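Undergrad: Pulled these from TrEMBL:
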COMPBIAS  487-496  compositional bias 'Basic and acidic residues'
COMPBIAS  506-516  compositional bias 'Basic and acidic residues'
DOMAIN    19-443  domain 'Major facilitator superfamily (MFS) profile'
REGION    443-470  region 'Disordered'
REGION    487-516  region 'Disordered'
TRANSMEM  12-28  transmembrane segment
TRANSMEM  63-82  transmembrane segment
TRANSMEM  94-112  transmembrane segment
TRANSMEM  124-149  transmembrane segment
TRANSMEM  161-180  transmembrane segment
TRANSMEM  186-208  transmembrane segment
TRANSMEM  252-277  transmembrane segment
TRANSMEM  283-306  transmembrane segment
TRANSMEM  327-345  transmembrane segment
TRANSMEM  351-373  transmembrane segment
TRANSMEM  385-407  transmembrane segment
TRANSMEM  419-438  transmembrane segment
Amino acid sequence: MDLPKPRVPKRYVVAGLVYLGILCQYSMRRNLDVAIVGMVNTTSEEQLETSGADPPAKPEFDWSQAMIGVLFGCFYWGYILTKLVGGYLSYRFSATRVLLSSIFLGAIIHIIQPPAARLSVGTLIFTIILQGCAEGMTMPSAFSVLGAWAHHAEKSRLSSMVLAGQYIGMAIGTAATGAITDKLGWAGSFYIFGLFGVTWGIIADLFIREMSLEVAPENPEDDSFLGDDNDSHSPKVRPPVPWKHLLTSLPVYSIVLCQVCLKCATHLMLIYAPLYYVHTFHINASLTGIIVALPPLVSGLFMPLSGMLADSRYGRQTRSTTVVRKTLNTVGFFGLAACYILLAVSTNLGMSLASFCAGGLFVALCMGGGFNVNPLDLSPSFAGLIKGISTSSSHLAGSIWVVIVGVLTKHKTNHEWSIVFTVVACILVAAGIVYLALGSGEEQPWSRGAPDKKTLTFASQQGPPDMKNGFTRAMLTVQGHVEEDYTVHDDFTRSSDEEELPLSEEDGKLDRFDGR
């Protein structure tokens, strides 16, 4: 007897592909941040004076701390250019294809960066900007994919599991790059992780073609399984983008502000952490990679739990989505701010590591169940565009911030790092307060597209209905929002030329309907 084949929902296959793609991409992004330790001289003057050690061998690249800040920031110069473009393309075309192209092209450019660096620093900057342009479309397209495939009851859980790939990828990339740099040289990590990204692109393309994953079901709540006969779906009718409503929405602005402030904090935690630990605690590249991998690893492990909490009966089913989002976001932002205050005053490695890892936990709370998944609540259809707007803004701010940090820490002293940590803590508290005041977890009125002009056509040859009749007014009110003063309402069209009949003055009171 043939056993029934397991029915695997397509949305889980799509989520798995997105997860692996994001993991590959974010592991690549960590290469330069850690490999820079082996590319330039990161030994501070303070370290040489206190340790009495001999100066290190001449590095391959003689870049200043300010130039390192430019290298860290130039990726985001290209990154912000295509964020909004990626969200729009994902809405108009296949979000799955936009996602695949973004990760695949970024991996190819990543492979050519070592020879570009040896050619000139200008060439390296150019390739980093190109990589940023390619990868800028990844997160908006990922949110468009999730908005099209995820069930309403699974939004937080599924999106947090997928987006945990960011932090798992960061952890893998950070730890592995440190070890690879020690064993194979700084260029080895670029080649290895770039090849992983290319391989993912080829495999994902095969899955999309063979399993008909390019177009989502018309209704995300409909289950679509592998092997179903109706694998192909007609393209959705896409309403025009409600730009005016979207760009003037206070809940959207609260998401943007949270994204900007958290990006500055995580940039400091991830991009500058290797240099911070080398400057302050004088550890080698391999150990630095392991230490810096801990916070994103913690975030990646706890982010799905945060999403599950938000979707559980202890979360959304017993409290409004707005309350759940604000609660998790507030705890996350305020907790992360406290961790940065502890980093500012820490004087030993143990205390610093404890604060560092705890910060990863609080990031998981606000990313897995707070503002980060909030675009899917406000508008599943336009979640990619909202994410494009928020991440464009955040990476513009982040690219400026990393350059500022490079200037503020030019002497590589503990006092300079303490100032930077304190500033970040303050902006995190401010962002948490704003989201608490303006954030929302409810679907917005403009979510389904720009509202068309409402018209009401009376097909009867006897002219318009009797607007003085209470039952007639009640039925029209149920059909749609009708203006109280019908004498000035010019949205109605008729098939007869009879005059409009005004409502009675007591518009809110219905005449008794006697059933005749």
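Each Cβ is built from the backbone N, Cα and C atoms, and glycine gets one as well.
No curator has checked TrEMBL annotations; they are predicted automatically.
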Undergrad: With a Cβ cut-off under 8 Å, give me the same-chain residues at least six positions beyond the ends of the transmembrane segment (94-112) that come close to it.
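TA: Same-chain residues near the transmembrane segment (94-112) but 6 or more away: 14, 18, 21-22, 24-25, 28, 31, 86, 127, 130-131, 134-138, 141-142, 144-145, 148, 190-191, 193-198, 200-201, 204-205, 208, 213-215, 384.
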Undergrad: Need a quick answer: max count of Cβ pairs under 8 Å to the transmembrane segment (161-180), which of 12-28, 63-82, 124-149, 283-306, 327-345 is it?
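TA: Answer is 283-306, with the largest number of Cβ pairs below 8 Å.
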Undergrad: Near the transmembrane segment (12-28), which residues from the same chain, at least 6 beyond its ends, have a CB less than 8 A from one of its CBs?
TA: 96, 99-100, 103, 106-107, 110, 135, 138, 142, 145-146, 149-150, 158, 161-170, 172-173, 176, 190, 193-194, 196-197, 200-201, 204, 207-208, 211, 213, 216, 226
Undergrad: Counting a contact as 3 or more Cβ pairs under 8 Å, with residues at least 6 apart in sequence, do the transmembrane segment (385-407) and the transmembrane segment (186-208) touch?
TA: no
Undergrad: Against the transmembrane segment (252-277), which of these stretches has the most C-beta pairs under 8 Å: 283-306, 327-345, 351-373, 419-438?
TA: 419-438
Undergrad: Counting Cβ pairs under 8 Å to the transmembrane segment (419-438), which of 63-82, 186-208, 327-345, 351-373 comes out on top?
TA: 327-345
Undergrad: Which of 186-208, 327-345, 351-373 has the most Cβ pairs closer than 8 Å to the transmembrane segment (283-306)?
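TA: The listed stretch sharing the most Cβ pairs with the transmembrane segment (283-306) is 351-373.
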